[in-house]
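Undergrad: Sharing the feature lines straight out of Swiss-Prot:
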{"type": "ACT_SITE", "residues": "Cys109", "note": "active site, nucleophile"}
{"type": "ACT_SITE", "residues": "Cys202", "note": "active site, cysteine persulfide intermediate"}
{"type": "DISULFID", "residues": "Cys109-Cys202", "note": "disulfide bond"}
{"type": "SITE", "residues": "His135", "note": "site 'Interaction with tRNA'"}
{"type": "SITE", "residues": "Gln341", "note": "site 'Interaction with tRNA'"}
Amino acid sequence: MAKRVVLGMSGGVDSSVCAYLLQQQGYEVVGLFMRNWDSFLNNDFLGNEAISQDVCPQEQDYADAKEVAKQLNIPLYRVDFIKEYWDHVFSYLIEEYKIGRTPNPDIFCNKYIKFNFFAQVAFSKYQADFIAMGHYAYCENGELFKAKDDSKDQSYFLAQLSNEQLKKVIFPLANLTKQEVREIAKNLNLATATKKDSTGICFIGERKFTKFLENYIPAQPGKIIDIATKQVVGSHIGTMYYTIGQRKGLNLGGFSKPYFVVGHNLEKKVLYVANEDFPEYLLSDKLIAIGFNQIAYKFDTNNLSAKFRYRQKDIPIKLKLLANSEIEVSYNDTEAVTPGQEIVIYDGNKVVGGAIINEVFYKNQKKTYI
């Protein structure tokens, strides 16, 4: 009897091709579409252009998934995780922004929704032997590796998964490039073959970000201060709307050199900036991260690199394991390492693990202004 795989179908080209590839590998494929956000239940009105559209993007995605399931002759079911997403992903996102950090919701969406609640339904209700997702990544024996297509590799977003979760997962796109996936879809004439990739917040979609956050956090305007001269150089609409290293959207004109964001003071509602004459305010060479989730059973401590944000080039590091799942990571001068973001550590193509950046240092001094 064929093994049953419950596949997360999003209505996009990646999961559509996954369904076909799993069929070709002899699996019995069951599609499961997740609905994790409700704009009306979640008070998502400001910045949400989808409200006024004739067809909700989420409903269009479901219609596309149904069409592909029909083309491939596989069953497709629908499941709602709206409350779970709010409790485990979105609430965390808002709380992080409130304390001045820059979170990455995709990481916790994977940890709690796609590979936890989704998996529970797949295994208990639909008797799955495995679950599958359209991520560009590779796993073997509970360990996680980068995908073939480095430009699309999503192992960064999966570094909070456990070995037990990974043992029950199939990533059919591990050894394909995005172009190859598109070609397969076009050759099969799948309904999603030319559909553009989704962007925006995981399961929420594209939003006008400043207006979107105002649904949940009141905007608190304040001063923009040059951290080197201590002079007021402008005003901002709320520190939560700016990220470390940001250069655009500051509305600071009339200066000989452009400014970039280097930090903030929440209590004083101050956004700190610097120009290229003072790069040290943007640089760091050490960090402390919390909640380290080790995936690799073994790794070479002399061959480690890391990403501090998605699609960043891997940077050589030195890793020190501390107590209470904390890690200390040292590296050469690097710009815009940001608390709240995830650091993912690699041994070559193998994912060693991931943790959330908590404190950042430069020349043994903690950067207290970020």
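Easy rule for this one: first residue shown is 1, then count along the chain.
Even glycines carry a Cβ here, placed using N, Cα and C.
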Undergrad: Can you tell me how far the Cα of His135 (site 'Interaction with tRNA') sits from the Cα of the residue listed as 'active site, nucleophile', in Å?
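TA: Spelling it out, the Cα of His135 (site 'Interaction with tRNA') and the Cα of the residue listed as 'active site, nucleophile' are 13 Å apart.
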Undergrad: Going along the chain, which residues six or more apart from Gln341 (site 'Interaction with tRNA') have their CB under 8 A from its CB?
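TA: Within the chain, Gln341 (site 'Interaction with tRNA') has Cβ neighbours under 8 Å at Thr102, Pro103, Asn104, Phe308, Arg309, Ile356, Ile357.
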Undergrad: Can you tell me how many other Cβ atoms are located within 10 Å of the Cβ belonging to His135 (site 'Interaction with tRNA')?
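TA: Counting Cβ neighbours of His135 (site 'Interaction with tRNA') within 10 Å gives 26.
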Undergrad: Quick one: give me the count of other CB atoms within 10 A of the CB of the residue listed as 'active site, nucleophile'.
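TA: Taking every protein chain into account, the count is 24.
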